[in-house]
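Undergrad: One structure follows; several queries about it will come next.
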Amino acid sequence: MCLLIRLVIKKLDRNWQAQLLRLSLPSEPGWRSAATSACKKAMEKSRPLWDNPLQFVFACISYAVGLGNVWRFPYLCQMYGGGKWVQKCVVHVHALSPQLGPGQRGVSPSIPTGVASVVVSFFLSMYYNVINAWAFWYLFHSFQDPLPWATCPLNSNRTGYEEECEKTSSTQYFWYRQTLNISPSLEASGSVQWEQALCLTLAWLVVYLCILRGTASTGKVVYVTASLPYCVLIIYLIRGLTLHGAVNGLVYMFTPKVQKTLLNPKAWISAATQIFFSLGLGFGSLIAFASYNEPSNNCQRHAIIVSLINSTTSIFASIVTFSIYGFKATFNYESCINKVILLLLNAFDLEEGSLTADNLNEMKDYLMATYPQEFAQLAPQIKNCSLEAELDTAVQGTGLAFIVYSEAIKNMEVPQLYSVLYFFMLLMLGIGSMLGNTAAILTPLTDSRAIASRFPKEVISGVVCFVNCIIGLIFTMEAGNYWFDIFNDYAATLSLLLIVLVETIAVCYIYGIRRFEKDLYTMIGRKPNWYWKIMWAFVSPLLIISLFIFYITDYILTGTLQYQAWDATQVRGLGLHFFSVLDLPYFLKRLKRERVATVA
């Protein structure tokens, strides 16, 4: 009881403090109930709360289950094998409780995460909402019949197809030329694409309307953004499992690649990055969400629920993705086989039906031995068709979301229906994640008396959205996709590792694991067992330190992803890493001062 009173007093101004002291120490026998009632009323006035614990869980799920579950997790399963990848994702579940506990404890999100988390969340919001703009663009075009990416457009003379489209594919042409109108290099920045700029403005307007009234509006929106994607995934699962070649994709997914997994530092680095991005560790969003909880909320149970749902969703989305990916790979493989068969039939005047997919290799050997000169001239046009090669083609991010899925959708029956469902699902996942990103920025601002006393919450939210939208116009330029890749690869990878490491050490060693244990006992009514304390105090820091060393070593030796379009990306990337962690020393000093003040 004293702990709750002290927390409330710390949050109130002087007038409320005086009133609370008068109410909390009356001479009547029922002073405890009066103090409890006063604390609760004061707390409600100082900070809005979720209507019920379910809203908090849905908000965490909506934030944690995002685009990374749909396009990054399947890509990593493809790279390192699904069997071993699932095991490594479970290792980092224990890092979620130290995120929810401090926020629910009453600590302001600006204290444990520092400006570093706010800067990372700001960087993420700048480019992340561009994905929602692209989803809007594709959603609007999904109502056309036929779909605009189903076939290549005609050239200016209308005598054939566009040469650039014929060299690639209709889906790639629609993405790179008609959507991005991409420039040949980063230096050729080009102009702002007004269609994408309008979609980005619409995306930020939707986000602003969702966060306009704080938890009162966000708490209602998360019911839709958290549940509707599962409905779409179930529809896609039923459709995907019935597609021709879906089994090939599922077999490929669940076949582990042990040599590429256990002994490869990049696999562990990718696993940690995926968990940090997926669960939102280090951004401050979960702490911000938890700060709107009742103090008695069981944050430990919710941490387990959110972690399990997030991991399960990743596996579930991977099954959906690989069933569709298997269909696409099988479709491309069979198309390649049919083109080779047609080529050989016409070149050697063979009877129709004499060449099939089963006897193709034997017939190629026979033709090469019988007609060596003719076959040698035709050899450059004969492709080596391989289903394994099609499945090995690793695609992640925007390539998977907007090219691979579009390629598969255009070959389905009623493609408009599946296109609308898919891009609406992407939109819900993106908006759900943006609610958490903006909460990590807005909560420290609205908690600041200097800002909140001068401006209402609606104005603060509007300014943050407007500034992000203006800066985000960079990503709608012709070179915007290059900048998107830079921010996506460099803005938060190293920063998140360092921020989560500092948070874990601060909670377990500076603040103290025993004091954190007592806080959990105050909130949930029981102390965590030895397993959780060992994981928090020893296992998690050691794992994060090891991953940090692996990342630095790999970064120095090989560097991160290199882009053909420009040079010196590592300089820009290191700048983003450095800028986002500048506030960590300041954070440690603040935490020490908070500890001294609390003890006093």
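Indices start at 1 and increase along the chain as displayed.
Placement of Cβ uses the backbone N, Cα and C atoms for every residue, glycine included.
These numbers come from a predicted model, not from an experiment.
Among the features that TrEMBL reports, Na(+) binding site is placed at Ala64, Val65, Asn69, Ser278, Asn310, Leu429, Ser433. If you look up TrEMBL, you'll see 115-140, 194-212, 221-247, 267-292, 304-325, 420-442, 463-484, 490-513, 534-557, 569-588 marked as transmembrane segment.
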Undergrad: Is the transmembrane segment (194-212) packed against any residues at least 6 beyond its ends, judged by a Cβ distance under 8 Å, and which are they?
TA: 129-130, 132-134, 136-137, 179-180, 218, 221, 430-431, 434-435, 438-439, 442, 458, 461-462, 465-466, 468-469, 472-473, 475-476, 480
Undergrad: At a C-beta cut-off of under 8 Å, are there same-chain residues at least 6 beyond the transmembrane segment (420-442) that contact it? List them, or none.
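TA: Non-local partners: 59, 62-67, 69-70, 109, 113, 117-118, 121-122, 124-125, 128-129, 131-132, 135-136, 138-139, 142-143, 203, 206-207, 210-211, 218, 221-222, 224-226, 228-229, 232-233, 235-236, 280, 283-289, 401, 405, 409, 457, 460-461, 464-465.
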Undergrad: Including all protein chains displayed, how many Cβ atoms other than that of Ser278 (Na(+) binding site) lie within 10 Å of its Cβ?
TA: 25
Undergrad: Other than Ala64, Val65, Asn69, Ser278, Asn310, Leu429, Ser433, which residues of the chain come within 8 Å of the Na(+) site, judged by Cβ distance to the Cβ centroid of those residues?
TA: Ile61, Tyr63, Gly66, Leu67, Gly68, Leu279, Thr313, Ser314, Gly432
Undergrad: Mind telling me which of the binding-site residues Asn69, Ser433 has the densest Cβ neighbourhood, counting other Cβ atoms within 10 Å?
TA: Ser433
Undergrad: What stretch of 267-292, 490-513, 534-557 shows the most Cβ pairs under 8 Å to the transmembrane segment (115-140)?
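TA: Answer, by Cβ pair count: 490-513.
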Undergrad: Do the transmembrane segment (490-513) and the transmembrane segment (267-292) come together with 3 or more C-beta pairs under 8 Å, pairs six or more apart in sequence?
TA: yes
Undergrad: Far apart in sequence but close in space: which same-chain residues, 6 or more away, have a Cβ under 8 Å from Val65 (Na(+) binding site)?
TA: Ala226, Pro229, Ser278, Ile309, Asn310, Thr313, Leu429, Gly432
Undergrad: Might you list, by sequence position, any residue in that chain lying six or more from Ala64 (Na(+) binding site) with a Cβ less than 8 Å away from its Cβ?
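TA: Residues satisfying the criterion: Ser278, Leu279, Gly280, Val306, Ile309, Asn310, Gly436.
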Undergrad: I'd like the number of other C-beta atoms within 10 A of the C-beta of Leu429 (Na(+) binding site), please.
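TA: So the Cβ neighbour count for Leu429 (Na(+) binding site) comes to 27.
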